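Visitor: Residues or ranges marked as FAD binding site by TrEMBL: A:G18, A:A19, A:G20, A:H21, A:A22, A:G23. Residues or ranges marked as NAD(+) binding site in TrEMBL: A:279-293.
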Protein chains: 2
Amino acid sequence: MSEKNNVLREKYDVIVIGAGHAGCEAALAAARLGQETIMFTVSVDSIALMPCNPNIGGSSKGHLVRELDALGGEMGVNIDKTFIQSKMLNRSKGPAVHSLRAQADKQEYTRQMRRTLENTDHLTIRQAEVSELIVENRVLKGVKTVSGAEYYGKAAVLATGVYLRARCIYGNVSNPTGPNGLQAATHLTDSLIKNGIKMYRFKTGTPARVDKRSIDFSKMEEQLGDEKIIPFSFMTDPESIQRDQVSCWLTYTNEETHKIIRDNLDRSPLFSGFIEGTGPRYCPSIEDKVVKFADKNRHQVFIEPEGEYTNEMYLGGMSSSLPEDVQYAMYRTVPGLEKVKIVRNAYAIEYDCIDARQLYPTLEFREIEGLYSGGQFNGSSGYEEAAAQGLMAGINAARKVKGLEGIVLDRSQAYIGVLIDDLVTKESHEPYRMMTSRAEYRLLLRQDNADLRLTEIGHEIGLIGKERYQSVLKKKEEIEKEIFRLEHTTVGGTEKVQAFLERQNSTLLKNGITMAELIKRPELSYEILEEIDPGRPVLSDAVKEQVDINLKYEGYIKRQKSQVRQFKKLEGKKLPSFMNYYDIKGLRKEAMQKLDQLKPVNIGQASRISGVSPADISVLLVYLEQMRGIRRS
Amino acid sequence: MSEKNNVLREKYDVIVIGAGHAGCEAALAAARLGQETIMFTVSVDSIALMPCNPNIGGSSKGHLVRELDALGGEMGVNIDKTFIQSKMLNRSKGPAVHSLRAQADKQEYTRQMRRTLENTDHLTIRQAEVSELIVENRVLKGVKTVSGAEYYGKAAVLATGVYLRARCIYGNVSNPTGPNGLQAATHLTDSLIKNGIKMYRFKTGTPARVDKRSIDFSKMEEQLGDEKIIPFSFMTDPESIQRDQVSCWLTYTNEETHKIIRDNLDRSPLFSGFIEGTGPRYCPSIEDKVVKFADKNRHQVFIEPEGEYTNEMYLGGMSSSLPEDVQYAMYRTVPGLEKVKIVRNAYAIEYDCIDARQLYPTLEFREIEGLYSGGQFNGSSGYEEAAAQGLMAGINAARKVKGLEGIVLDRSQAYIGVLIDDLVTKESHEPYRMMTSRAEYRLLLRQDNADLRLTEIGHEIGLIGKERYQSVLKKKEEIEKEIFRLEHTTVGGTEKVQAFLERQNSTLLKNGITMAELIKRPELSYEILEEIDPGRPVLSDAVKEQVDINLKYEGYIKRQKSQVRQFKKLEGKKLPSFMNYYDIKGLRKEAMQKLDQLKPVNIGQASRISGVSPADISVLLVYLEQMRGIRRS
Ligand SMILES: Cc1cc2nc3c(=O)[nH]c(=O)nc-3n(C[C@H](O)[C@H](O)[C@H](O)COP(=O)(O)OP(=O)(O)OC[C@H]3O[C@@H](n4cnc5c(N)ncnc54)[C@H](O)[C@@H]3O)c2cc1C
Ligand SMILES: Cc1cc2nc3c(=O)[nH]c(=O)nc-3n(C[C@H](O)[C@H](O)[C@H](O)COP(=O)(O)OP(=O)(O)OC[C@H]3O[C@@H](n4cnc5c(N)ncnc54)[C@H](O)[C@@H]3O)c2cc1C
């Protein structure tokens, strides 16, 4: 530190701007990788804040958290410390869509995350608004704060979330603040634009928080947690987190609700054009839903506690920016909410973010070396999406400082790969949300096998210790061994076996069959077969689950694995950044433009650009072959 | 509730604007007195926030908390739930200045207070910025919020603290927010002015928060808590709150610190005129201290934890609004802080408040019936001062609704009385802070006897239940009985007694003497005399303490009691509000103006107005006599 010329000057390795879910993961990753890291936040009290829904995980988002955990991220550990209800969703469906979701005690969630951050070596937390990037010759050198202080670093991660020039809106009330009345960051956008970064303006919304004492729960359906709680983190001992759980509640809107909304649409800032930002299609406001799904006569409303010791309840599914009186009127038409008292109004928030196609898949800006970004700033929505990107941006920023190549997970390795590839490749005009349907290989990318898929990578990166890595290797070995055993254990039609099968309503055996084949029968499972499998070793539940899934879905899994091999071939064909697409004969005009604009890193990415056709890809492949031929000769 | 004309309309009995320490007490008191109460706050997350020092109590402030507790307030109960270190200050001095002080876990403090508020019947919490008063014919009718919603009520309490048009400043950085980057309230001032309320602009400041890990405690003096913890609340069982305590630390500034400050005074917004508000003389910034006490070569710096589980530490005594680089430089000259890392900068805050002489001693506005105010808004500073006023304003607002007369504590009854009387009587150009020296009868107004002084009043008001009141009556009786016994127990110069006295270095007896007389000897005490007092009954520590103090200081106490009788006479002489002071011959011009301006409620208050002399008071007394004569005849 020095104070020459009346400003503070400090030096770090990695600078993280933002302490939301993205910023926290980025800063923890960089610091844990040994980089001196400083994390800026407009307010220390907003660290790991959950400004919207009070839960972590859920469909496909649960996958992200599991993957993040396997790579050495913090979100899973933190929610395991602070959840008040936990549930594995979609249990009745196939394992690809099972998703863990936990209600959080919001205050406790931020408190525990802050505690972890505060006690991480190499990590400095600084409350200050970053106002400028310091960039020289397209290389990031540091940042300035509003006080003029200069912080130099070899890499930086932008994770400004919903705070840049934020505006909170309901009816005709507009406040120039971030969520929860926290100070917005008003200066940085200008500096980003000056550095050639193209900005978007998105919006998202949140429902009202209401007083529990004003709700009639007898008119609602109680939503209980799981009997046996499954942790998010692969490191958490399930026994250590079994607890009494808090309930959520389900109720529905009705025609009266919808009529009130329709009658007041002219007063909605969303439809009047007062809100300029684009909202998320997959987390629509209730007024959006009523307009877009005009034929639906009801929508679900989930009543979720904001914490264990507060009376504030979240009205999941009813986010809105309608005027306050309309909010009151519409909420009070919902069964159980007839006398509801609002504590905090629903509102929409508008903020500056970027078109993430300005980034490499490492999340580094193509045009500014050493500058990375993650989270809502990249045009995504959701805590888990933010955390996942933050982790990757933090890892890659740290690797940059160490002179190592960036880590990119591809679409066959992780939902995180799908998420980031979508963001940096596809045009999007609304906040991006993760969904299982976005993953091509979702039978491979299950939440239950995230550790088997990614712990090794986390270990190579340096965020996963040896012990944890070895326990995963051991688990892998046990699974393989047991599958091998089952594939080589033949069962014959003995009396005992036939009686067993009859009891299970399963076809009787005519010939000998392997245990593995039996498991594939829909009505049977690894667990059920125990009775007729005397040679079975003692295995953990986690191993048993993998054995079962891998054998049961073997056919599908094999097919997806062969598709992945195809996919990997295209991903392996690198496209140098100096390619001049306008010189390549045979490419269509649109393809030339799109390819030139995005500069894909490989043929795989090129093939996913909208406006680039399979024919264009063939042309590119031929061109690459020719180039290689030329270089060889 | 109705939504005619597109705005929300609701009706309550009492409206409280603000959820700081004043607002919380006001709202709780009104609700507990059975009034339907709504409490507004710009942010629910700011409820009972401690934006400055992390402790409750301290010299004279501890008295306020004890008094508040005896009247049925919440602050004492809440700090007993959330303290992490507790200490009775000034133990080496007389009982009048003993003061309890406790370090709080800030987050836990707000969390527990919020929990209490959320679960109080008749109390509604509403996050919304109040923007306007609704006043008709000088009678308060309700308030409006920024959304246009209207809330009608029969009385309202303004407790807006430091949020009105707030501005946070250090160096040349100025942010238009409340403390901690929370949204300010920008609209209400205009409405207050429109309603004839005269506004002031004050400022206060806070030191930096720093990272515990960057402090070298070996260079500081450890400050431990008391061995036996004494609770704040008379309701808390001492046994239930004994705990391991967290330490504070003491270090000092030095000439180098002072030189850096002096060298940079031209860059201080305080001295450059950039800050317009007036700051508190008794909580000065470090730059103020260095300028005003130029001959002092060091100042104390207390390092206090912000909570049990955070690494943020508060640098007590070093509040500042100097530029960031100067803050760093000066803090780093202090032993133990050589490598300190700032988490949050020190800053000053400017805000709108009032000249409290616009209020009756009930805290009702003279010119707007039904409108009350309390806390920092009234020109005070400090959490305890705020809470005490909030409680009285809340009580009186509730009483207004019920058609009962307002409660006023006078200067002989309580520090709360001194505080409010000073605020509504004396001209003040800076934030007012409580001090023991402000109380004329401080030997009577001890923290140890607040329950004996005020529980009865709390009971009459309706905030103290029968059981608690009766236990105080019982305590009183026990004290009186024991004093009577001691005054009537004669000790003779037996061998045992003389030997005892010799051991205590006390003069031997020549004649018989009462136990009471012996207690008065400085080297003896009720406790010590146990040995030669076989007839002593079993009494609680609290009773013993009262017996001891009352006998030991009997002479002084008697003298103060007779002064109080004099004082009460003047307080009893009411001055009607329709008095025309310009008509009273013999009054000096200045006195006429001052009396006309303030319209004191009685001769006592008149005598405390600066610019009103004892001669003027004599004139007034004669005039009152004449008036009475005229009316009688
Ligand atoms: C009202 C609202 C409704 C939402 N609704 C939904 C929803 O329905 N569904 C959904 O999936 N997601 C929703 N979200 C989004 C979800 O909250 C975010 O995706 C997630 O919190 C983003 O995390 P983040 O880390 O990217 O950014 P944030 O959590 O926004 O954190 C940003 C951090 O950056 C800091 N910061 C910003 N600028 C600066 C600067 N210049 N200098 C220093 N620090 C800075 C801030 O202090 C903060 O710590 C909603 C968010 C809000 C606010
Ligand atoms: C930076 C700083 C430094 C300080 N330093 C010291 C010190 O050194 N010594 C000392 O004794 N004291 C100090 N204080 C003062 C102490 O914090 C206050 O005296 C105390 O918190 C005041 O309590 P209050 O209830 O009056 O107001 P606050 O605690 O300020 O609470 C005000 C409440 O009113 C709400 N509010 C305001 N306007 C509106 C509106 N229009 N509509 C709805 N809600 C509204 C706010 O949301 C908030 O809940 C300092 C305060 C600050 C901020």
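The backbone N, Cα and C atoms fix where each Cβ goes, glycine too.
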Visitor: So which other residues, same chain and not among A:G18, A:A19, A:G20, A:H21, A:A22, A:G23, have a Cβ within 8 Å of the centroid of the Cβ atoms at the FAD site?
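Guide: Neighbours within 8 Å of the Cβ centroid, excluding A:G18, A:A19, A:G20, A:H21, A:A22, A:G23: A:V16, A:C24, A:E25, A:A26, A:T41, A:A48, A:A159, A:G161, A:G375, A:A386, A:G390.
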Visitor: Roughly how many Å lie between the Cα atoms of A:G279 (NAD(+) binding site) and A:G23 (FAD binding site), rounded to a whole value?
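Guide: Distance (Cα to Cα, whole Å): 22 Å.
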Visitor: With respect to ligand 1, which members of the binding-site residues A:G18, A:G20, A:G279, A:E287 satisfy a Cβ distance under 6 angstroms to one of its atoms?
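Guide: What lies within reach of ligand 1, judged by Cβ under 6 Å, is A:G18, A:G20.
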Visitor: Count, for each of the binding-site residues A:G18, A:G20, A:G23, A:G279, the other C-beta atoms lying within 10 angstroms of its own C-beta, and report the residue with the smallest count.
Guide: A:G279
Visitor: What is the interatomic distance between the Cα atoms of A:A19 (FAD binding site) and A:C283 (NAD(+) binding site), given in whole Å?
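Guide: Computed Cα spacing between A:A19 (FAD binding site) and A:C283 (NAD(+) binding site) is 23 Å.
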Visitor: For the binding-site residues A:A19, A:A22, which one has its C-beta crowded by the most other C-beta atoms within 10 angstroms?
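Guide: Top count of Cβ atoms within 10 Å goes to A:A22.
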Visitor: Would you mind reading off the Cα separation of A:K289 (NAD(+) binding site) from A:G18 (FAD binding site), to the nearest angstrom?
Guide: 32
Visitor: Run through the Cβ atoms and count how many others sit within 10 Å of the one on A:R281 (NAD(+) binding site).
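Guide: Taking all protein chains shown, A:R281 (NAD(+) binding site) has 14 Cβ neighbours within 10 Å.
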Visitor: Within 10 Å of the Cβ of A:E287 (NAD(+) binding site), how many other Cβ atoms can be counted across all chains shown?
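Guide: By my count, 24.
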Visitor: Taking the Cβ of A:C283 (NAD(+) binding site) as reference, which residues of that chain separated by at least 6 in sequence fall under 8 Å from it?
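Guide: Spatial neighbours, sequence-distant, of A:C283 (NAD(+) binding site): A:T204, A:G205, A:S319, A:S381, A:P431, A:R433.
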Visitor: Among the binding-site residues A:G18, A:G20, A:H21, A:A22, A:G23, report those whose Cα falls within 10 Å of that of A:V291 (NAD(+) binding site); none is a fine answer.
Guide: none
Visitor: Across all protein chains in the structure, which of the binding-site residues A:H21, A:K289, A:V291 has the highest Cβ count within 10 Å?
Guide: A:H21
Visitor: Counting other Cβ atoms within 10 Å of each Cβ, which of the binding-site residues A:S285, A:F293 scores lowest?
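Guide: Relative to the other binding-site residues in A:S285, A:F293, A:F293 has the fewest Cβ atoms within 10 Å.
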Visitor: If H, G and I count as helix, E and B as strand, and all else as coil, what does DSSP give for A:K289 (NAD(+) binding site)?
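Guide: The three-state answer is helix.
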Visitor: Sorry to bug you, but what's the C-alpha spacing from A:R281 (NAD(+) binding site) to A:G23 (FAD binding site), rounded to the closest Å?
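Guide: Rounded to a whole number, the Cα-Cα distance is 25 Å.
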Visitor: For the C-alpha pair, I'd like the distance in angstrom between A:G18 (FAD binding site) and A:R281 (NAD(+) binding site), rounded off.
Guide: 25
Visitor: Rounded to the nearest angstrom, how far is the Cα of A:A22 (FAD binding site) from the Cα of A:F293 (NAD(+) binding site)?
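Guide: Per the Cα atoms, A:F293 (NAD(+) binding site) and A:A22 (FAD binding site) stand 33 Å apart.
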